[in-house]
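> According to TrEMBL, the protein has these features:
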ACT_SITE  D72  active site, proton acceptor
SITE      R15  site 'Important for substrate specificity'
SITE      T73  site 'Important for substrate specificity'
SITE      Q160  site 'Important for substrate specificity'
Amino acid sequence: MDMKREIVLASGSPRRRELLARFGVPFRVQTSHIDENKDLPGLPERVVEELARRKGKAVAAGCRDALVIGADTVVVFNGNILGKPKDEQDAASMLRMLSGKEHQVYSGLSVITVDQGEITREVVSHRMTRVWMRPLSDEKIKWYVNTKEPLDKAGAYGIQGLGACLVDRIEGCFFNVVGMSLSLLDEMLTETGYTLAQD
């Protein structure tokens, strides 16, 4: 990896920070503060790609020599995008809707190369993972909502935490559901001439 360029994660998500830290490469976090309105027109995969691109470009605009990683995740049920719940009641409503059924999690990634303050390369892609929820009793939903874990998560659950108790099975990348597919990120970095593998 070209060490002249710093790696910048354009996301305030603690989950994404933890995932990127697993590779042992130095990076800094800078949030983009863009409007994350999920009501963009188009398919879910286009929405997450566009939001990941916007986040990455917003941060890249302030960088000199950097590799900027933007990311966005949505939960989709019956063709509708579920964002983060507004409050505990909204979280419980989302969980009742997902109970015993399949939904999809889309995560978009952007990798933007900045050289001497100019964007020289941009790669954008996404992954989709299918998730099946267990049938959830009102008691289980109340217990989970009371943990406060679902309140800052798309679809009102975190598979990497206590939300794992709610999931029956998944098909696809686990880390995609957490918020950033590491295999996709590695593919995209390789495409731009970088690798997360360290000698």
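Placed from the backbone N, Cα and C atoms, the Cβ positions cover glycine too.
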> Could you measure between Q160 (site 'Important for substrate specificity') and T73 (site 'Important for substrate specificity') for me? Cα positions, answer in whole angstrom.
14
> For T73 (site 'Important for substrate specificity'), which residues in the same chain are close in space, meaning a Cβ under 8 Å from its Cβ, but six or more apart along the sequence?
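Listed in sequence order: V48, V105, Y106, S107, G108, A154, N176, G179, M180.
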> Please report the distance from the Cα of D72 (active site, proton acceptor) to the Cα of R15 (site 'Important for substrate specificity'), rounded to the nearest angstrom.
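If we compare the Cα positions of D72 (active site, proton acceptor) and R15 (site 'Important for substrate specificity'), the gap is 12 Å.
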> Which of the three DSSP-derived classes (helix, strand, coil) applies to the residue listed as 'active site, proton acceptor'?
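Looking at the DSSP assignment, the residue listed as 'active site, proton acceptor' belongs to a strand.
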> Under DSSP, is R15 (site 'Important for substrate specificity') helix, strand or coil?
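For R15 (site 'Important for substrate specificity') - judged by DSSP and reduced to three states - the answer is helix.
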> Select one residue from R15, D72, Q160: among these recorded positions, choose the one with the most other Cβ atoms within 10 Å of its Cβ.
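Per the Cβ count within 10 Å, the most buried is D72.
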